[in-house]
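Participant: The structure under discussion is supplied below as structure tokens; questions concerning it will follow.
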Amino acid sequence: PGAGSSPGSSPTVLLIPGDHGHPQNSPSGARGSPLAAGSPNPGVLVGGSGRQDPSSLGTPHPHGSSIHLPAPRPPGSPAAEPGSSAPGSAGEPPEDEEQGWAPPERRSPGTEATASPVAATVQDGRVSPVPPQPLSDEALRRRLLELGDNPGPITELTRRLPELAAALRTGHAPDCARDELELVQQFDRPDRSRQWREGLVKSSFNYLLLDPRATQNLPLRSQSLSPAERFRTFVEGIFYVGKGTRARPYCHLTEALSQHRAGTQRGCPKVRRILEIWASGQGVISVHCFQNSVPAEAYTREGCLVEALGLQTLTNQRMGKCYGAVASWPGERRRRLGVHMLLRAMSIFLAEGERQLRPVDIQGGR
């Protein structure tokens, strides 16, 4: 027992690679062990005095990745069963896989973070891989540039939505013509024995509300921009995606009109965005697309568009809902179709030109 040991504590034990399950008593304390000091065949410290600082037990792995050591067990506590993992170990999934990050690794003070793609953790005497730390947006961009790729802007949005990120980088849509045809064919002659949402009258369409402060009359200057620049500008301008009939898009403007008259800025994010646009002296752009469809088809298109853009960039309060066969598609397939439809909607916008709707253009406005 070293000087720092306490009554009832377990002795420090070394597990040496190649010595299968035969621990040896340590000839010296954790700090003085020649194996812990970085010998060519380092052992792994798995026990120790209850007073020892666990952070002082880390040793560099011969291949550059770090070794994570389990914390000492209190006297009398049951040993971990074979194959079990402690909280935060490699046996658990990352805390939020969708955001692309994993729990931070525990390192010894002064130990440098390595560029090794695989870190390791020790569990029951075995070394298991764990996910590496994520790179920052700027670091990831630099790394991709070094590998010969031009990733374009890297943000939380593009990390979450790779289908949209690819189109923003190239300006080209994924080939989803067959997917869109499958969607259209199902709703062109829908099964009338089923109860479809809001009936089967083909009077619906989709619309996008755009902010002219972002588009800056994109149709007029689109010829001087690259395909990627055109598409990025279009996407940056979209702040709401909807499904409607007749004058549905103008209901949002009418909703904001009372606030405009009173000089207030209350309401949902969509209304506040409209008021901001009007306060700048400009008007809201409403782009209509995919017309003459049954409501279920328009709702499905809305769902794919919202899923492709992500709620982070929109003032929509919830994700849309898909119907028919599309509802059972994996999310990636729906997002790809949504990006495909965004490119089609942009072509309609570029062909028709930018038309702004100000308070005086709304019935009852001034």
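Note: Cβ is positioned from N, Cα and C throughout, glycine not excepted.
Annotation source TrEMBL lists compositional bias 'Low complexity' at 1-11, 78-92. Per TrEMBL, region 'Disordered' is recorded for 1-136. What TrEMBL lists as domain 'LEM' is 129-173. Per TrEMBL, the feature domain 'GIY-YIG' maps to 202-317.
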Participant: Could you give me the DSSP helix, strand and coil counts for the domain 'GIY-YIG' (202-317)?
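Facilitator: Helix (H, G, I), strand (E, B), coil: 66 helix, 25 strand, 25 coil.
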Participant: Average the pLDDT scores across the domain 'GIY-YIG' (202-317) and report the rounded value.
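Facilitator: Value for the domain 'GIY-YIG' (202-317), mean pLDDT as a whole number: 96.
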